[in-house]
Every structure is written in C-alpha cells, then in structure tokens.
Amino acid sequence: MATTAMRMIISIIFISTYVTHITLCQNITEEFYQSTCSAVSRGYLSALRTGWYTSVVTIELSKIQKNVCNSTDSNVKLIKQELERYNNAVVELQSLMQNEPASSSRAKRGIPELIHYKRNSTKKFYGLMGKKRKRRFLGFLLGIGSAIASGVAVSKVLHLEGEVNKIKNALLSTNKAVVSLSNGVSVLTSKVLDLKNYIDKELLPKVNNHDCKISNIATVIEFQQKNNRLLEIAREFSVNAGITTPLSTYMLTNSELLSLINDMPITNDQKKLMSSNVQIVRQQSYSIMSVVKEEVMAYVVQLPIYGVIDTPCWKLHTSPLCTTDNKEGSNICLTRTDRGWYCDNAGSVSFFPQAETCKVQSNRVFCDTMNSLTLPTDVNLCNTDIFNAKYDCKIMTSKTDISSSVITSIGAIVSCYGKTKCTASNKNRGIIKTFSNGCDYVSNRGVDTVSVGNTLYYVNKLEGKALYIKGEPIINYYDPLVFPSDEFDASIAQVNAKINQSLAFIRRSDELLHSVDVGKSTTNVVITTIIIVIVVVILMLIAVGLLFYSKTRSTPIMLGKDQLSGINNLSFSK
C-alpha cells in the first residue's frame, strides 16, 4: 500500500509540473548603426498589460477539537501531528489579519517598510511546524503601489460584515460563482480546497472510532497532501507580508489558473496567449491575503489583462561611442540613453526604459504599461538620423573612455578603447576576431563569447539576420575643446546648445581681445606719430640752425669804398 501511495504522489507531482519548451526566435533581424554605436533588434510581437482581473479564492476550514483520540497507534500519531500543523497554520493566518489599524499606518510607510520586513521574515517558519510563535503583525499592506490597487480594493471589501458569508453561501453547491460585493463590483469566486468537509466527515470519524486505529496509511498521506497546500499558502503569506508575487502553484494550480483564464472577460486570442504562456502570467500576477473568519479563508488573486497584443516591438541596445585620435585621458564620449523596449500602441509608441521589467518568451514581449512612457512614432528617426529635426534624441556625454560590451539579441556591440584587448571567440577555433579601438559589432554566427579585458560575455544563440550599417561616428563631429562632459540626462539639442554657448563665449572673448589689441595699436600709432613729428621738427630746427651757421661762416666781410678810403686816409694822416 505504501508503494501504491508513493506512486500516486509521484504521478500527482508529475502531472502538476509545468514544462516549458524553449523555442528559437523566428524572423528576428538586428541592425547595427556604426555612427551611433547602437543596435535595434526587430521581429517581436507585443503583449502589453493594460489592466487587472481580480478573483476571490476561498478555502473551507474546520474547527478541530484539541483532544483527538489519545491512541498510541503510529498512524494516529501522524494524523495528530498533521492536525497540529493545520491548527498552527490557521492561527498563523488569523494573526496575519490582526491589528488592522497598524496595517493602515504601515501601509503609509510603503514599500521600504515591506522590504525591511521581508528581510527579517526569512527565518525558518516555526509556526507551522508545531512551535507556537509570539503573536506579531505580519502585514496586510494597503496601497503599496498602483500595481495591486484593484486587488487591495477587493480585499478591503471582504472585511465588511456579511461579505464572507455571501461568498460562502454562493459556494455551497458549486466550486465557482460570481458574487456581487457591497461596493457594486462583481467578482468570480472559487473554492479550491474544502478542508472542512474532509476533516469533519472523512478524517475525524476515522480517527475517533472506538479503537482509535487507522489501518490504511493512505489516509495519512491523503491528509498530508491536502494539508500541505494550506501550510504552503500560510508560509508564503507569512514571509511575504500578506502579498506575494509571482503566483505560486499553491495559490492556484495550473488547472485552476487555466480555468480562471477561460472565465476572464477577454477575447479568445487573449485567452490563447495567456494559456500558452502560463509561467509568464504567473510572474506578473499577485495574491493578496484578505480574511480568515466564518471558517473560511479568502485571498484575492490578481491576473494581468493584456489589452494590446500582436503589435510590432523592438529593442534598442546602446554602448559608449568615444574618440580614438586624442591622447589618453583627452577623449570624449557619447552614449544614447534611449535603450529599452519599444512597442507600437494605438498610433504612438510605448517605451519601456527598464528592459528587464519585460519578459520575453520566444518572440513575444510581455510588458506592463505601468512601467512605460508614451512617445511619438518619430522616435524611430533616432536610429537612422540622430540629428533629425522632428524628435530630440536622448544622449549622455563624458570624457571617460571605458571599454565594455553589450549583448544583443543575436550578437554583441563592443566598445574598445585605450590599451584594452577586445576579442571574439569560437569555442572550437579560439579567437576569430580582434577588435581595434572604437565601436564595433559582431553577430552570433560562429561566435560564442566576447572578451573585453578580463570580462567574458556569452552571446545569445537565437536565430536571426544581422545587418551592419556603416557610418561616420558622430562623436568625430564634435570639438573636444567645447564638448560638454558629464551630461547624464541630455539630448542632442541640449548638447549642441551648450556647444554653441561655448563657441559664442570663445568668439566674444576673441572680439574683446581683438578690440583691446586694436585700441592699443591706435594709441601706439598716435604716440609714434607724435614722436616722429617732434623728432622731425627737432631735426628740421637743427638743420636750419646748421645751415644758418654754415652760411655765416662761409660768407666774406665786404667793405665799402668810404670805409676803405677812410682807413687809407687815416693811415696817411699819421
């Protein structure tokens, strides 16, 4: 019997395991633009979350007497231990929902408090293993983000008097029903585990019989399996402060999740998309602890609604583009900062700057519009003409030429500068390419790894077509003397404006220097002219004086006849 039971357990585990088949992306094309050191990967289809679908999940609980058959039978002991774990799990869930005023104040403190709490809640979960813990508030955080706003709203309504009974009564004769809550919202409710009827009508009667013996170990195993789900749900809510993501198979099994997807008010194409990508759906879903009362545990499951599907998506990869002609330490660099996922959406483009928030399955891109920016379609011009006049492309600048590599969908961008050695290798042939200084690209065809210095990068092995678009690196158009550095959130227009300001300042400085030089030259000319005039005047005076003097010395004294006669007469008169 034990062997049969073990086979049953193995078969259940096998059936409930979700196996994903990894397929190669088809029709992926990649364009590398040498002028901007960027690459665009195309050929993807969208699956954009635009809304949430909330559903209430219930588990029927049972109030168990503490004194259950004091037999020494081994099977009964196992049952009693399992019942003790069950009781502790229920107590854990009840303590989770206590102290609501504290929850409201804690919700105001928000996500940092939640993160701090989760770090301190990863210790071994003793409460479900038979050791009673001190009562503490584990958290039912309200309003920690718009992502779970709709689920939290439904959870708050379930705390109102009569709401749980309304759900409980609706599920008396069925495992699934639509219930209209007091806030006017209709939600699909489902009962995934009925521990109450099983414990009250099947388990306890067997334990409390006249001889307190259980001859069949299968009874113990069956209860352990049913109880294990409750224990795991309690553990998840406990260590995650009442809100968990992704959605585990304990919260909803695959069959339950597929059934819920089928009941969602969406198109058949959307249902098909979600059903074929269950693991992605789980990653983007939440479960929110609600209430434990009236022998019912209720929690909200919040699933994504992909309102935009099958529109084209592309991913932009960027790497630093630097000059290579200048001396070490004097180079300038420019990097496009608009990297991320882009998807067409109703005449515009949804941009997801944090690419890691999007999940890729084959050639399907699952993104949350809550993490997106809406841009005009002209943003595509940045790939082919970064200096276009219709859209101001985003860049950052620096004067630090750091070598690095960016792995793309079907290749790698390599920014290699200075004395760094950069190579591409094949696992069988070794180094097949050595990169020179600058920005370059290599496809994954025949390439397994890219090495930049001491860092090794493994390229993706997806199939696709790569196109190398050559062009003059735009960084060469800029003058290092006026290039602005450390602009982390700028655009082409802003950088050009700063360059123009610098050039205008230089021109103004030159003009001022020129005007000063001209003034000095004029003054010097005047002074020189005056000096020359003075010297000329002096020279002229000297020349006139010398001329007069020389004429005076060279002219003989002429005596008149009277003077001569008088002299003669005088001489004769003696």
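All residue numbers here begin at 1 and follow the chain in the order shown.
In case you wondered, yes, glycine gets a Cβ from its N, Cα and C as well.
Candidates considered were CYS382, CYS416; the recorded disulfide partner of CYS393 in Swiss-Prot is CYS382. Per Swiss-Prot, the annotated N-linked glycosylation site among residues ASN70, ASN569 corresponds to ASN70. Residue ranges 158-209, 210-261, 262-313 are listed, and Swiss-Prot annotates 158-209 among them as coiled coil. The cysteine that Swiss-Prot pairs with CYS422 in a disulfide, picked from CYS416, CYS439, is CYS416.
Record note: among 137-157, 536-556, 137-157 is the stretch given as region 'Fusion peptide' by Swiss-Prot.
Candidate disulfide-bonded residues: CYS313, CYS358, CYS367, CYS393, CYS422. Nearest to CYS322 (disulfide bond) by Cα distance: CYS422.
Cα distances from CYS358 (disulfide bond) to the disulfide-bonded residues CYS313, CYS333, CYS393, CYS416 are smallest for CYS313. Reduced to three states, the DSSP call for CYS393 (disulfide bond) is coil. CYS382 (disulfide bond) carries a helical DSSP state (H, G or I).
Of all the disulfide-bonded residues listed here (CYS313, CYS322, CYS333, CYS416), the one with the fewest other CB atoms within 10 A of its own CB is CYS333. In this structure, CYS393 is the one among the disulfide-bonded residues CYS343, CYS393, CYS422 with the smallest number of other Cβ atoms inside 10 Å of its Cβ. By a simple count of nearby Cβ atoms, those within 10 Å, the most crowded of the disulfide-bonded residues CYS358, CYS367, CYS382 is CYS367.
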